[in-house]
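A.B. asks: Sharing a structure with you now.
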Amino acid sequence: MAPTDEPAPRIDWRKTGLAVLIIAAELAVELIITVLKLPALTQVIIFSIAAVLTMIAMMALYWDILQPAWRAFRTHLWRRLLLLLLLSLAIKIVVVIFTLVLVLSTHLKTGTTANIAPLVTNTKPLIIAIVPALLAAPFYEELFFRHVLYYQWRARRGLGIVMMLVSSVIFGFFHWGNVQGVVILTIPFMLIGLTFAVIYRRQQNIWYNITTHFMYNFSTVLVALLALLR
């Protein structure tokens, strides 16, 4: 998977500011529906709608990057998809093992070991309602955490590595709710963020990240849906 030949990007402050506002709005919606203590299904539906709208807004904002990157990515598409599927499964296995090690070493409850735990213990409508959010997230999260917070800074001396680490840590805390607020269990998400940042740095094409992240989340969706059949 040879990287796309891409010049070092400039920092677009206008788009960066807009991207921050878009993500802040999505977080605000999540906070508001939590504070209002709406019914669980209502919360999930609103959250999924917010996630899809966030995806659309971020993709529209960075369409000038997504479009040429897609043209390069779609060459040998099926081979790339197969390799990225294997990579996403490998990441999933490592994350599950690492999370279990953290749980066992810190005597946490096993109920917090997977980000699908809140899903599979609830009703069928909740699981179905969260699917759009899980499948939309890779698009706007990769654009924000990997491009906005890391990649556009990589040409700045000394800032590339710093922003790679900073974006990974923030990515971990962004998934605070996935692990029911257990701080130590955000570490696997930080490592996922770091892995995706390295992929972006190596391949210089955001679609590698989006696709791998999408496949990672899709495996979570698949497990949750299969749980409904039990």
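Numbering starts at 1 and runs along the chain as it is shown here.
Placement of Cβ uses the backbone N, Cα and C atoms for every residue, glycine included.
Sharing the features that TrEMBL gives for it:
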- 126-218: domain 'CAAX prenyl protease 2/Lysostaphin resistance protein A-like' (DOMAIN)
- 18-38: transmembrane segment (TRANSMEM)
- 44-63: transmembrane segment (TRANSMEM)
- 83-106: transmembrane segment (TRANSMEM)
- 126-145: transmembrane segment (TRANSMEM)
- 157-176: transmembrane segment (TRANSMEM)
- 182-200: transmembrane segment (TRANSMEM)
- 207-229: transmembrane segment (TRANSMEM)
A.B. asks: Limited to the domain 'CAAX prenyl protease 2/Lysostaphin resistance protein A-like' (126-218), I'd like the whole-number average of pLDDT.
C.D. replies: 92
A.B. asks: Taking pairs 6 or more apart in sequence, does the count of Cβ pairs under 8 Å between the transmembrane segment (18-38) and the transmembrane segment (207-229) hit 3 or more?
C.D. replies: no
A.B. asks: So which residues does the transmembrane segment (182-200) touch in its own chain, when a touch means Cβ under 8 Å and the partner is 6 or more beyond its ends?
C.D. replies: 91, 95, 98-99, 102-103, 106, 108, 112-113, 142, 145-147, 150-151, 164-165, 167-176, 206, 208-209, 212-213, 216
A.B. asks: Cβ under 8 Å, sequence separation of at least 6 from the ends of the transmembrane segment (207-229): give me the contacting residues as numbers and ranges.
C.D. replies: 1, 66, 69-70, 73, 80-81, 84-85, 87-89, 91-92, 115-116, 119-120, 124, 127, 130-131, 134-135, 137-139, 141-143, 146, 192, 196, 199-200
A.B. asks: Please spell out the DSSP helix, strand and coil residue counts for the domain 'CAAX prenyl protease 2/Lysostaphin resistance protein A-like' (126-218).
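C.D. replies: Taking the domain 'CAAX prenyl protease 2/Lysostaphin resistance protein A-like' (126-218) as a whole: 80 helix, 0 strand, 13 coil.
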